[in-house]
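Here the structure comes first, spelled out in structure tokens, and everything after it is commentary.
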Amino acid sequence: MLTHALCVLVIICGLARLSKQTDLALVSGSTGTVVTLRCVDLITSSGIFPYDGAFLRRLAYVETSDGTAITATGEGGIWKISAITLGNLMDKSYDASTYYPMILSQFNITWTSVAYNHLDIPLYSALAARLVLAHVELNSTAALPATLPEQYLIWDFYFREEVAPIDESTFISLVNSIISSTLCASVYRDVMFLVDNSAPIASSDFETIKSFLRVVVAQFDISSSKTRIGLVTFTNVQEVDLKLNNGTSLDDVTNSIAAMTQSSITGVQTGFAITQGVALFGSAYGGRGVESGVARVLVVLSSTESMDDVRPAVKQAIKNNVGIIAIGASRAVPQSELAHIAAGSVSRHMFQVTDVASLLTEFTSNVPDAICDEPVLLDAGSSVNFNLNPGESQTFAFKVDASGTNLSLSTTQGTASTYYSTAVKKPSSAIYDFKLNISRPNNDNNYHFVPTSEQLSENNECILYGTIESTSRVGTSFEFDVGEPVAISYAWNVTSQPITSLSGANIAGVVFACLIFICGLVIAIGYYWTERGVILDRVKKQTQFSSDIPLREIIPEPVFIPSEEAIYPLLSTEYETEPDVASKSTTTISSSEKEEENVRLQLRLAVENGDIDAVTTLLEELRKLGLDDVYGDLNRAERLIGLNECKQGLIYAMELRNVKYLERAIFNVKQQNYENELKDELRLAEAMLKELKNSQDLIRELIEAIAAGNREQIKSITLKLRAMNGWDQATIDRMLEVHDYREKLERSMKNRDLELATTTLKVVEEKGFEKDLPVEVSQAKKMTSEFKHLEKLKTEKEEENVRLQLRLAVENGDIDAVTTLLEELRKLGLDDVYGDLNRAERLIGLNECKQGLSYAMELRNVKYLERAIFNIKQQNYENELKDELRLAEEMLKELKSSQDLMRQLIEAMSAGNREQIKSITLKLRAMNGWDQATIDRMLEVHDYREKLERSMKNRDLEPATTTLKVVEEKGFEKDLPVEVSQAKKMTSELEYLEKLKTEKEEENVRLQLRLAVENGDIDAVTTLLEELRKLGLDDEDGDLIRAERLIGLNECKQGLKYAVEQRNVKYLERAIFNIKQQNYENELKDELRLVEAMLKELKNSQDLMRELIEAIAAGNREQIKSITLKLRAMNGCDQATIDRMLEVYNCRERLERSMKNRDLELATTTLKVVEEKGFEKDLPVEVSQAKKMASELEYLEQVRRQVLELKNKDIAEIRSYTKPPAGVHEVISCAYLILGYPAKALEDWINVKVLMGKTGKEGLKAQVTSVDPRKVDTAMARKAKEIVERFDLNHVKGISNGLALFYIFVSEEVRSVVDEVEKLNSGALDAPSPFFYGASRKSKRPSKQAKVKKPSKR
């Protein structure tokens, strides 16, 4: 009997279950993996903190094995937070206080009031650990690391206890042991990835997207029986890359991802793509259907804004039981579009990054988690058959109306636990509304669920989520039915027993059980009435309603469930059909008023609780009802929403650290008078804005300082930026770049410059500056999008116009217009929708055939005629060109007959058969009307035709080139157009091959040159360098420079060696100068040091020699003796050597004096002495230059003598010109310029003639022979040189031999003055380079054999 009583009590308690949930995350002392995952899920879905790389989850396992290692309370909970750590959070040593307001808003926890014993509550312990990690994030420029070695370092510094025996390898090992277990517990699902591959995506970004997909799919157990993967790429068309029935292995999926290619199409239609993607879940494509217990998940990854509306497609997907996850790979996809795709479930099903690269760092765990969390969506009346292995689970979701539904679960073998909830999407042992067990194999479980009023939505519906977990050790087959009309029964089997009399113990047991039941019932009723009274009191105080409001109209205060979506997006009003208008009209007036008051009451409670989502929904409902704001409810609600928007705007702007966003956010706060409510946030935002503006001003000043090259200012500003922001140099350089691109974007938008905007946006995207310039990038993209849209409209209009013009041109037969328009249509890539292109191409083809036939008949060329007739027949133009074709065929026949006769004539001529020659000639004359000259010409043409054909057959370049040249000279090109064309083509090909051969040869020469340079082979380098110069090659790889430098180094070395051997001061000076000028000081360091020492010694010797000569001239014996001793000591020479050196020195001075004064006699005498005494080796430079000067002076003297021998009538002949030929006036004027006459007086030929008429000492001949080069004005000499160089000797000689003498005189005198006199006057007697010693100077002077003859009589 006691057993019977207990069973009855349990049944009654089950029927009297409460609707409130039990969340183990809020129950002190709860532990286990399920509780840990629940806490992590609550914090992650709240959106307070950024993604932590699964760090929080791993910490729980490392610290306490998800709480299973906790031995007592008061140890900091599952995350084992020490009292010191909590103290650091409270005194802000670990400052994460910026998150406290959001924790209060989301979890209703005032963190500053948390005590250490509160950490026994799992959620509190998890929040404490996450706040420590938040402190790490706030003090770092980067996000939390995802790699285990980096996470170990953070754990070691912030969480590790001194006695903890965990090193890095142990930490990594512990984490790795749970990584595999955190994969999808519910493995049965069909996942279809819908990937945007449009052209605007950068190729590098598309590769990143493919990498992201590979990382995501690798986290699933892919097989034909578990998870199947499908892939579709889309623009405005779709391409199925992988069907579900083919995506049954990881290798197949990754190979398909690698094979994905990018389209050239720019626009995308995401809505149409979603419709097609949903269709691919069908059984024909490998979809298994929800009736198999398999979840359907569509993942939409888009980088471009859709051109169509996505909402109808999403609505259809939901009707087909497909859950959708939206991923925006850039800011180009509007958040509103992503929210529509995610069916309103923004926090769980919508992900967006500012740049594609962030996908790999932010969402590689979040997206797989979202896919794993997606339940199997069922309709009412569904029946599902599926299997679960030990430890596996599957979650279902289905609508339930106010009347409730029947749930039936049966198994073939094994046991199971089922957790149900209307508030949590994935109920588990950590949180659920109610739980049903199948404790015995081969059993079933039936239950009738009726939702409470609190669980129902405004549509009197709710979503019931159920998670079935296999608790057996063997695989279990399940049958799950929803909404089947089955009788209410329970899974407890009551074993019947025979009725016997009750013993005293049995009676006592029954009484005791009844007492317990009655006590529980009394407590429940008391609690209910107490709560009811509290709610009524609060409502009466806050409203002006009377106390007779029905109790069922008052919604009790909800139990706190942190940031869980109460209703699955299936119930979103956006996707529901409109209510029936007829049913509305049947509602009575009183019920409408009651509904309005109910909405008002709910709105007040939502405003009081700060529930923004509920306030927004209820406010919209009140507006639809058209209610007045009698009690100020709407105003308070709108103000709460505005306050929340301003707060979120401030937070977002502060996260971005963007000046424009901050200015707009602060403006909104002040404009809407929220300064008091957001006092602290406003203060922080204004401080940040001031700091950012100061930084921008400093950046601007830094750019101006850089442009001005002001190093001090640059250094000062850089130090300020480092001190103000803690930036390093790399960050400053980055900010300079950001500032530069900001100005470019603003300038492009101001000037509406599409090219500048596009280019700058591309660079900004490549360099990852989008987060730094969100406003500018958004506005610039909007502008470029507008431009492209206008361009598209313009193109479409242009296409239609071109089509119309093409039709008219075809009708009018305007070939030029048709050709132009056809080319334009092809460039636009248009299809031949109306057959316009085909008609146009046929018209052009007909015209080409007609023109080809006309040209062939004009040329009367057999091959051209054959080709033209063939083209007409091949392209089926015989009907259109019937008459022309007939005439062409007759002409072809005639020409072939003529060719046959020509061939017979040549054979007859070869055989010497006169009768046959005469007969064939008469036939040709009769057939073509040719005369003998024409026949001879045709024979020549035939001969050259054979030569050309033979050269082409043998591919012989030389005969072909020669024959083509003769054909061109004789004008036979029109007679042999085909042969000439083909021969030219062949010669071009052979020349190209020759060029390739030459290039190969060039490459070979380059290679040899490199080897020669490496081996230091000077002779080979010189030869190969000359060869390369002859080939005219560029110095692509620096080979020529290296070779020339090696040669230069060798020349400098040889010159230095030669100068040392000669012990000549001037040679040594020149050699040292060359080495330094060509930067060979490092290579010849040792040689240079020795040579400079020798030069110094020689100069000292020369100075002593000069002093000795002066002492001898003065007769100072003491000084002579002293200097002689110095010279002997310095050079180790005897008196005879010193005497010789004195003579050499004397000869040097005489030679230099003769060259300075241009004294031919002194130079000749001294040279003779030098030669006799053998001083040439001691004075190589001076002797060389003196001989050169003597030769020039002798030649000039010879010219003067020839001028002097000119007769007066020769000069008179030159004077006789009234208008002299070019060169006469100029040459004579130059002669007078050298003689010192002013240039202005010589501009008029009449004045020159007057001067030439003078005789005696003022005569031209006398002045020319007596001119002294040293007295010639240098400026006049330069001017004369410039004038006379316009003419050459042959031109002048053609006018007059006398004029030629004056030309030679002027040229030599000018050259002598400009090249020598200036050098001598400056005192520079430079030695020539030792390596070119003895090379004769090039001169325009005629040779002795070209001596100008005296003018002859005319």
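The backbone N, Cα and C atoms fix where each Cβ goes, glycine too.
Since the structure is predicted, the reported quantities are computational estimates derived from the model, not experimental observations.
Matching 563-590, 591-618, 731-758, 983-1010 against TrEMBL, the residues noted as coiled coil span 983-1010. Per TrEMBL, the stretch carrying the note coiled coil among 251-292, 671-712, 1133-1174 is 671-712.
Listed ranges 388-415, 444-471, 780-807; the one TrEMBL annotates as coiled coil is 780-807. When the ranges 62-96, 1077-1111, 1182-1216 are checked against TrEMBL, the one recorded as coiled coil is 1077-1111.
Residue ranges 874-908, 944-978 are listed, and TrEMBL annotates 874-908 among them as coiled coil. Across the residues of the coiled coil (874-908), the predicted structure has a mean pLDDT of 84.
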